[in-house]
Every structure is written in C-alpha cells, then in structure tokens.
Amino acid sequence: MVNRKWMYIFIQFLLVSSIRSDDDVFEDDEEEVTKGSDDKEEFVPSLFVAPKLSDKSTPNFFDYFPVGSKIGLTWIKSLAKKDDVDSDIAKYNGEWSIGAPTKVSIEGDLGLIVKTKARHHAIAAKLNTPFAFDANTFVVQYDIKFEEGQECGGGYLKLLSEGAEKDLANFQDKTAYTIMFGPDKCGATGKVHLIFRYKNPINGTISEYHANQPTTIGSTYWDDHNTHLFTLVVKPTGEYSVSVDGKSLYYGNMMSDVTPALTPPKQIFDETDLKPVDWDERENIEDESAVKPDDWDENEPQSVVDEAATKPYDWNEEENELIADPEAKKPQDWDEDMDGSWEAPLIDNPACKGLSGCGTWKAPTIKNPKYKGKWIRPKISNPAFKGKWTARLIDNPNYFEPKPFAGLAPITAVGIEMWTMSENILFDNILITSSEEDSSDVAKQTFYVKQKEEYRLAAATGNGNGFFQQIIDATNEKPWLWAVYILCVLLPLVAIGVFCFGKQSKPTPNFAKKSDAYSADDDRVPNLVDDDEEEIIGDEEDDVNQPGPSGSQSNPEPQDEEENAEQQSANSSQSSAAEEEDDEHVVPENEPVKPTEEFAKKSPKNTGGAKRRTARRGD
C-alpha cells in the first residue's frame, strides 16, 4: 500500500511538472504575442546566400534558381497535348514562372512556381550528366511549398529515362520515366509516391512497381503553407528510404517491398489450357426424384388473424388515435394555389392517454401453424462432381531473378507533370546526385535556413503555431500519437483519482484487544449512541441521583468531620474489595477463557453505571 501511494505521488508530481512546463511555454507565447502587438517591429527578410558545394562534388543536376533564371533556358515548358482526353483540357496550358514566394522570408531566394490551377502543367530540364544505375547510390532531393495549400493535385518529380532529353517540348504523361517521387494529395490525406519502372530482360516489357508506404500520412505537408524537404535515397542493394524535413517517412527494399513483387513467379497458369466441356464443378445438385408431399399447401399465408383475441375492456372505438393539432396555425406565407389546401398536423389524441387504444379495433395476427412456404427440391451430392477446375501450371517463360539496378534505365532529364487544383506551388533546390553528403550539405545551406526564416516571419506576423497546434500537427504525420497523448494524460488522471478518492483504509480502534486473554471490559456494551444522546443520558442520571420526591434540589445537611472520615474509609474499603474480586476473575493466557455468562453471574452488578456504560464504550 505504501509503495502504491508513493507511485501515485510520483505520477502526480510528473503531471504537475508537465503542466507547469506547459504554462511556462504559454506564458512565453503570451509575452511574445504581447510584445509583438505593443512593440511590433517590421519583419526584415534576411539576404539569400547561394549554396556552395565542395570542389569534389559533381552532382548530376542542381538548380537553386539564382537571380536571372528564366523559363526556356534550363527549364523547357511543354507544348504537348494529352492523348485520349477532350480537346479543351488536352493542352498543357498551365503557366510557370521563376520568382519569389508571396510571403518573402529570404530576399533573393527564388523558385519554380506553378501559377495557375485547374490546368495540366508540364515542364522539364536536362541533366548536366546522365545518371546510370550501376554501383553508385541514387539521391534526389528538393523542397516544395504549397502556398495556398492543396485541394487535389501533385507535387512530384519524374526522373525521365534516356531519350526524353531529346524532345523536352513534347514532354507529357506518357513520356518514359525511371522513377517518380514526391507528394500527391486529393482529399483529407495524401501520399508520397515512389514508383520504379523496371524492365524485364526476357521479354523487354517495362512495368511499374509502387513502394509500400504508410496509408495515413495526413495533410500537414500540404496544408501548413510551409516549405518541406523531400529526399529519396536508393542504394545499389535495392534499399530505399524516403524522408521529409530530414525525418524518415518510410523505407524498404526494391526486392521485397514493392507492389507487385519485382520477382516474377516461377510458374504461371497455362493460358492455352481450357476446361473440358464435360467438367462438372457443381458439388451439390437438386434431387430430381424428390416429390412434394400431398399435405404441402403453398397457398397458406405466413400469418393469420388470432381468433382467440378479444378487444380490451378500455378500448375506445369512438375516439381516433390521432387528431388535428388544435394549436397549429396556418403559416402566413402559405399559398393554397401553390401549396394546396392547408391541414393541421396530427398529434396523439389526449383522450386516448392511458387506454389500450382508440379507433377501430382489429384482432392481431399470429404465425400460421399451417404455413410451409414454397416447396423446393432438396440438395444431394453430385455424383458427377469433379472439383473446381483450374488451368495447369507451367514454367514462366518470362521468369528472371532481378538485380536491383539492372532493370532501371539511365536518367537524363527531370520533369514535373501534374494536374492541380491549387496555384502558387513553389519548387526549389532540385538536386540529383550520388552523394548523400551533398544532399545533407545542400539541405543545411538551403532548407534549414529557409525553415528558420519562415518561422521567424510567422512569429513576426502573428501566424505562428501555438503549443497545442503543434501537437495536433504532429498527429497528422503520425496518427498513433493520439494513443500516446491519451496514455500520458488519461492514465495519470485516473491514478490520481484513485489515490485521492479511492477507498480509505479503516482506522484501528484505540480500544482493540492485543491478546485473546479475557479482560474485565469484555462485557461492556459498545457505544450505540452519539454524543448528544450521551449528554441527555447523563442529565437523566443526574436527575435520578437528585433527592426528594418532587425532584427539587435542596442543600445537603452539613456533616461533621467524624462522619466524613467514616464515609471515606467505607468507600475506600469497598473499592479495594471490588478490585480484588476483579483480579480473581482475570484468566491467565494459558487457561481457557470462561464463558461470558458464567463470569457475568459472578460479577457484581453496578446498576448506577449501566446507562453510562451504554452511552460510551471506552469509559
């Protein structure tokens, strides 16, 4: 019990400490808001510093959109049309520009911006050097900002296969790509695509393989209007990892964590194998020899009127069960030409309240004991049943044992091809390389600086997220955090409630016996009345002891000193005799306890103190 109490005290201490820390956070937030409102300074954007890679770095592509960048130089806008769609939406007529975001946090930091919504957009750029999937790790990284949020649309990159760089002006949805990577959202939740297009070396077909990923990523990346960093790393072993803002989102291996499986089955069903004409797959058939019984009447209804039923004695057939509401009034805007004749709504008839019913009484219906329904022949086992037919298995002529990078075509260009219902989507710092160190270095020089400045801008304009909002945003990315919050808040509260309001242990009475030996107070009557009743009983004792038939009090006659001395001596001798008699009746621990009744017969009766003992147990 002591350990439990200490545990509850410790939990309460942790909870109070957390609340105090939260209060400190909120106080700091309030101070910042107050300071911002009273002493608000104009936000001054920091100056953009161009990222620099080491001299040893040789990225395949890197564009941070420096000042002076224009559409048509590095990035070529598509002039193609989508196939198999209406002509009015077939064109890639979405507008692009290179510029600053609507809210500038870093002066001179530009990006590639989607300027229109509800249109098809396509734009592409040629890599400085092609990326061949051999022994090098593949890394693609970029940051994206949905300034207006995202209702429905993408924000992903397509790493175009070799040959696409020759005609970027005709880049479209059917242009071959090797990897597609990036965010996509339509509705309340989104996903971060990772799709590989892998070539079968046996038959030359190229198929899409989707990486397995979380089903509930949330909507924070699209709806918080902040910049987010997306990074993909694919290693020659087939291992891949997807991270957002430097934190792992999901990971796996091309050989085992894609859908469909990259390795084809060794055996397949023979498509030329056809089911024989006489193959019977019916396990049970109707018994043709069965005959409907003569007493089977299909015309009998399922229920019939209960002829034994009688009308209840309090059934009132003169009253209707429902009547027009007498308090209802026709609406003032009621037009009988348009709405028809107005009728008051029906309500329960108050005259029928408490009765079995009103209106015309009808006998209830019961199940018809003669009902059998439609007769059907029973089922019997099919003697010609051969089982479920399946085509025979043959060796898969297109089977191969894949190697992670063997079926990935070289990448020569990067493109953005998407439909979106939102505008002002900004792409920036697009990097394709074989060096994870380069991607980390670029992120430190670009994204993390931008993230810090965006937070500073939000705080200066009063748009920063509070403590609770950050908690909720975290659950969008990781819904399982709700369980953690409940465990951290609800369980301590329950523990504190049990500790504070749980069942209390009963106090040990101060008159409890410490041994089984008989004691002189075993025959005393327990306290059965409260203090107020004790006072009343005490007063009654005083009244009984008062002399005089009338109950009036008179002053006692004075006694001389000799009489007082004799009285005191007599009282002393009586007290000594009583104590000796009590000692005689005390049972030693090694002797059996005498019955209470026997002891009571031998004990002297004290009639004057009976009421007093009844009033208080311990006296």
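Heads up, the Cβ atoms here are built off N, Cα and C, so glycines get one too.
Cross-referencing GLU343, GLU401, GLU417, GLU423 against the alpha-D-glucoside binding annotation in Swiss-Prot, which names TYR156, LYS158, TYR177, ASP184, picks out GLU417. For ASP428 (Ca(2+) binding site), applying a Cβ distance below 8 Å and a minimum sequence separation of six or more within one chain yields TYR64, PHE65, ASP109, LEU110, GLY111, LEU112, TYR142, ASP143, ILE144, LYS145, THR227, THR446. The number of other Cβ atoms within 10 Å of the Cβ belonging to ASP109 (Ca(2+) binding site), over all protein chains shown, comes to 27.
Across the range of the region '4 X approximate repeats' (270-337), the DSSP-based residue counts are 2 helix, 10 strand, 56 coil. ASP109 (Ca(2+) binding site) falls outside any helix or strand according to DSSP and counts as coil.
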